[in-house]
Amino acid sequence: MAKGLRGCLCPMLLLLCAMQELGCWAMHTAGQGPGEPGDPALLAGGRVKRGWVWNQFFVVEEYTGTEPLYVGKIHSDSDEGDGSIKYTISGEGAGTIFLIDEITGDIHATERLDREQKTFYTLRAQARDRQTDQLLEPESEFIIKVQDINDSEPRFLEGPYIGSVAELSPVGTSVMQVMASDADDPTYGSSARVVYSVLEGEQHFTVDSKTGVIRTAVADLDRETQDRYEVVIRATDMAGQLGGLSGSTTVTIVVTDVNDNPPRFPQKMYQFSIVETAPVGTAIGRVKAEDSDVGENTDMTYQVKDEEGVEMFKVTTDSNTQEAVITVQKPLDYESKKVHTVVVEALNKFVDPRFVDLGTFRDQTIVRVSVLDVDEPPEFRPPSNLLEVQEDAHVGSVVGVVTALDPDTANHPVRYAIDRSTDAERIFDIDAKTGAIVTGKVLDRETAGWHNITVLARQADNHSQVSRASLRIRILDVNDNPPELATPYEAAVCEDAKPGQLIQTISVVDRDEPQSGHRFYFTLAPEATNNHHFSLLDIQDNTAAVHTQRVGFNRQEQDVYLLPILVVDSGPPALSSTGTLTIRVCGCDSTGAIQSCNSTAYVVSATLSPGALIALLVCVLILVVLVLLILTLKRHHKSHLTSEDDEDMRDNVIKYNDEGGGEQDTEAYDMSALRSLYDFSEIKAGDGGGGPGEGGPGRNPASELHALPQWVQSPDLDFSVFRDYICRKVEQADEDLSVPPYDSFQTYAFEGSDSPVPSLSSINTWSSGSEQDFSYLGGWGPRFRQLAALYAGRRGGEDSEES
């Protein structure tokens with residue numbers, strides 16, 4: 001144990017060694033299993049009590065000595081110091097960081113330790129018999145703690161730090177908080193106790209030494225002067241005592257803007273110019289008030305403050321550039337006013353009430369607008385556009401005078417003209433110098449009561465400067481049209497009419513339109529003064545009534561009466577015209593309805609009784625049904641005949657009156673239609689070449705021509721098909737009693753098998769003893785030339801055989 005005391009290198013180890021010497025730490029075994037410390041084999045020495053004796057071990061971090069650092073000793077109470085016990089350790093760092101003396105149990109640290117990386121190591125100790133290598137004590141676990149020293153400085157792990165504070169904030173306004181971390185053991189000494197202080201920027205900001213909260217130190221922070229500050233904050237451990245470690249960080253503090261600056265115009269006066277012909281809405285120029293603030297604190301509006309400017313100009317705010325746009329609100333006139341003065345005011349949209357005491361947040365400037373003179377077209381004065389003229393005005397009469405003046409100071413002379421596109425008929429003319437409008441043609445209000453013309457006014461020396469004025473000319477009415485009957489009236493009177501009976505009401509028309517209205521007077525014309533048949537009554541409402549004046553009329557004596565009526569208007573001057581009323585005498589029924597007149601039926605009753613109308617409709621319907629029935633029967637009969645013709649397969653004898661073309665006529669009839677059922681080439685081949693001149697190379701054209709198709713009965717031919725067809729048709733004809741029998745001549749291309757002779761044709765006669773001479777065929781013309789050559793060749797062949 002003295003060795004253990006002498007091995008203590010530091011006060012803490014001395015304390016631990018003293019505790020070890022006093023036996024404060026002891027571990028005893030109590031195991032009972034085989035091979036364990038309680039086994040009888042392990043107690044051969046006769047000891048009753050065994051156990052480990054050690055203390056908890058500590059080692060200082062960051063040891064920089066050259067020799068291994070003594071940690072402590074492990075010892076068993078059964079160790080008698082004779083070296084029979086071997087000590088070993090296992091676990092974290094055993095054999096690398098920590099080494100043990102097998103005989104003495106001394107433990108040394110061979111490497112430099114860092115508590116910030118690992119605070120303790122857990123190991124296990126064993127005591128074995130050196131001879132038998134058996135465990136003398138149960139394996140036990142112990143801990144080696146790394147003792148902290150102040151070797152880590154405080155660090156700001158959350159940087160970089162950026163904070164903000166509004167300008168003009170009061171003293172002590174919190175900006176932000178910073179925190180530093182120290183890796184040393186906070187439970188051991190003051191190595192991890194950190195305090196804060198300001199290294200740079202202490203004239204504007206302070207920091208709480210314990211919490212790290214940064215606050216403003218002054219109340220006059222001005223963003224417009226300095227908009228950001230770099231403050232260095234230091235953190236020191238050991239509670240700031242001498243020898244403590246420290247770390248620092250830079251905190252960026254941005255001063256945010258408040259609306260503490262009013263808008264200001266850089267100039268107190270602005271000057272712009274614009275031509276007098278600029279249309280309303282034309283932009284004259286832009287002005288802008290400067291504001292030292294930023295963001296929405298620079299938003300402002302502009303307005304015109306003086307009355308003259310408000311009337312002539314308009315100011316709007318460009319939201320993108322915050323500029324005042326000055327535009328023309330009313331037409332400008334250089335001759336009236338050459339310079340306009342406008343007072344423009346700028347003011348902030350958003351005013352912070354905390355800074356109202358700093359002054360008014362608005363500013364004013366003067367804008368002078370100079371109007372530039374340009375050559376303007378003439379102007380019509382006064383602008384009245386309505387003229388009136390009587391329709392009976394003579395050609396050349398003055399309708400009115402238009403006046404146009406040059407608005408420029410030069411006052412150039414003006415020339416006038418009429419736009420002929422608005423007066424193509426040249427009804428009016430205008431004096432080019434005076435502007436007097438005169439009639440060019442006779443006017444007629446009834447034809448055209450209004451005229452719309454356009455008058456042009458040009459500068460005499462510059463025709464490009466032209467103005468236009470639209471004039472409406474109204475033609476005033478004069479009484480120049482006599483009244484006329486509204487229509488060519490025709491009336492009818494019954495033969496049995498009574499005196500005083502109303503025949504017709506007369507009205508008139510007048511194309512004139514007097515201002516006081518129409519008033520017409522009616523009377524019989526002078527030539528009708530001796531009239532005793534009819535009377536005319538003026539009803540005083542511009543109409544008149546015609547009545548009978550006698551009892552009864554006789555249309556045999558006179559069927560038409562012509563009554564002349566004189567109509568006079570109210571003037572002035574009073575005009576009149578005479579119209580004729582035609583009255584026809586007609587026959588009437590007992591109710592007074594007109595039946596007929598002498599010359600023409602004046603009124604004809606077109607009404608039919610219901611019975612007559614029904615009878616007429618029935619007749620028309622019967623006629624329609626009869627026509628349809630006849631058409632149906634004809635169509636049915638035609639279809640029946642067509643079906644019978646389709647079923648009747650008899651061959652008809654067809655007679656042709658035209659002469660055929662002989663052998664040269666190849667278009668007359670196609671014989672292949674008759675040969676389609678049988679192959680004549682096979683029949684010809686069946687001759688076996690027994691005929692003269694056949695099959696040999698010496699065959700001549702003459703012998704070729706006589707080999708015409710001829711009927712030669714073949715034993716292979718079957719005519720049962722034809723026989724059955726003919727029998728079936730005969731039975732159908734015998735059984736059909738609806739039609740009379742048909743006389744028909746059946747012609748077939750081939751004869752039946754029961755015919756007693758092969759053929760009846762003289763052409764096909766094959767007789768070697770024939771004495772007939774066919775030489776006369778050569779005189780029949782070119783059409784029979786081939787036939788003559790045929791028989792001439794046959795005849796020559798027969799002679800050669802006989803010889």
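Each Cβ is built from the backbone N, Cα and C atoms, and glycine gets one as well.
Curation plays no part in TrEMBL annotations; they are all automatic predictions.
Copied from TrEMBL, the annotated features are:
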- 686-698: compositional bias 'Gly residues' (COMPBIAS)
- 76-156: domain 'Cadherin' (DOMAIN)
- 157-265: domain 'Cadherin' (DOMAIN)
- 266-380: domain 'Cadherin' (DOMAIN)
- 381-485: domain 'Cadherin' (DOMAIN)
- 485-602: domain 'Cadherin' (DOMAIN)
- 685-704: region 'Disordered' (REGION)
- 1-26: signal peptide (SIGNAL)
- 612-633: transmembrane segment (TRANSMEM)
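Under DSSP, residues within the domain 'Cadherin' (76-156) fall into helix, strand and coil as 0 helix, 36 strand, 45 coil. Away from its own ends, the transmembrane segment (612-633) comes close to no residue of its chain (no Cβ-Cβ distance under 8 Å at least six residues beyond either end). When the domain 'Cadherin' (485-602) is classified with DSSP, helix, strand and coil residues number 3 helix, 55 strand, 60 coil. Within the model, the domain 'Cadherin' (485-602) shows a mean pLDDT value of 88, rounded to a whole number.
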